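Let me begin by presenting the structure, written as structure tokens, before commenting on it.
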Amino acid sequence: MALDAWAAALIFALLGLLIGSFLNVVVYRLPVMLQRAWRHDSVAFLREQGVGLPDAAAGDTTPFNLVTPRSRCRACGHPVSALENVPVLSYLLLRGRCKACKTPIGMRYPLVELATAAAFAFCGHQWGVSWTAAAWAFFCAVLIALILIDWDTTLLPDTLTLPLLWAGLMASWVGLIAVPLRQSVLGAAVGYLSLWSVAMLFKLVTKKEGMGHGDFKLLAALGAWLGAGAVLPIVLASSLLGAVVGLVLKARQGLREGGYIPYGPFLGGAGLLILVCTPERVNGWLNRLLGF
């Protein structure tokens, strides 16, 4: 017998808490892993060209990945035990502080866990305990990771955007999502080419880079999952969100050096909005807001 929608939502919410805890690890460690790999490859290339570099130039070579070493307090190095790593609950029991040195732990950790749980709960409620719900939960998890990584580092790693793109096309092909394969492929193409065209025009006029290629790939991935009809509302909603956040940060003098705000978080946020509210509903809101 099929589970009640709310029972499915609860199951997915609990799973989302666990995945959210893992996403906190991904968001912190993946950029460091990529930086280490780039440095190692750069040193290897220069040595191939005959440049003599000391071993220290390759940086720290101790194992560092999504599993090793164990999570530790960044202030005192206290290793986080399994009991101290229970999503949300451990944060509350520890009162938001390291057990050893009492250094405050950022609120973002439990918020990411709760946000992931909410996204997963939506998927469970909408599609029940099914492969379709699992596919959309994967979509939400990768988007949350990309939003946070881009906000922190202005980087949208290919190791996340490209698997997200191909997963969307595959999910459409095998019928896991309701978007037909033709619309999925068209959405990916329109998503990539639309931002690429804007970026090339901006560069032609200003002689400056206005957007990273990771944004093109992210919008292509969103188009693959949500279809070609979602691309325009995603672009409009993300631009509106970015403008509002930019004005707020500027008023509070919270802009980073150079006044640059990454676009990826707003693309990802708009993608989640479209998933929950459908492209048609978001289009209606935008039309009323913009007076179309």
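Cβ atoms here come from the backbone N, Cα and C positions, even for glycine.
The following features are taken from TrEMBL:
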DOMAIN    14-125  domain 'Prepilin peptidase A24 N-terminal'
DOMAIN    138-247  domain 'Prepilin type IV endopeptidase peptidase'
TRANSMEM  6-30  transmembrane segment
TRANSMEM  133-151  transmembrane segment
TRANSMEM  160-179  transmembrane segment
TRANSMEM  185-206  transmembrane segment
TRANSMEM  218-248  transmembrane segment
TRANSMEM  260-278  transmembrane segment
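For the domain 'Prepilin type IV endopeptidase peptidase' (138-247), DSSP puts the residue distribution at 92 helix, 0 strand, 18 coil. Same-chain neighbours of the transmembrane segment (160-179): 30, 131-132, 135-136, 138-139, 142-143, 145-146, 149, 185, 187-188, 214, 217-218, 220-221, 224-227, counting only residues six or more beyond its ends whose CB sits under 8 Å from a CB of the stretch. Below 8 angstroms of C-beta separation, residues 119, 122, 136, 139-140, 143-144, 146-148, 150-151, 154, 156, 211-212, 214-215, 218-219, 222, 225-226, 230, 233-235, 237-239, 241-242, 245-246, 249 of the same chain, each at least six residues beyond the ends of the transmembrane segment (260-278), sit close to that stretch. Within the same chain, residues 8, 12, 15-16, 19-20, 23, 26-27, 30-31, 108, 112, 115-116, 119-120, 122-124, 126-127, 157, 160-161, 163-164, 167-168, 171, 176-177, 214, 218, 225, 262, 264-265, 268-269, 271-272, 275 sit at least 6 positions outside the transmembrane segment (133-151) and bring their C-beta atoms closer than 8 Å to a C-beta of that stretch.
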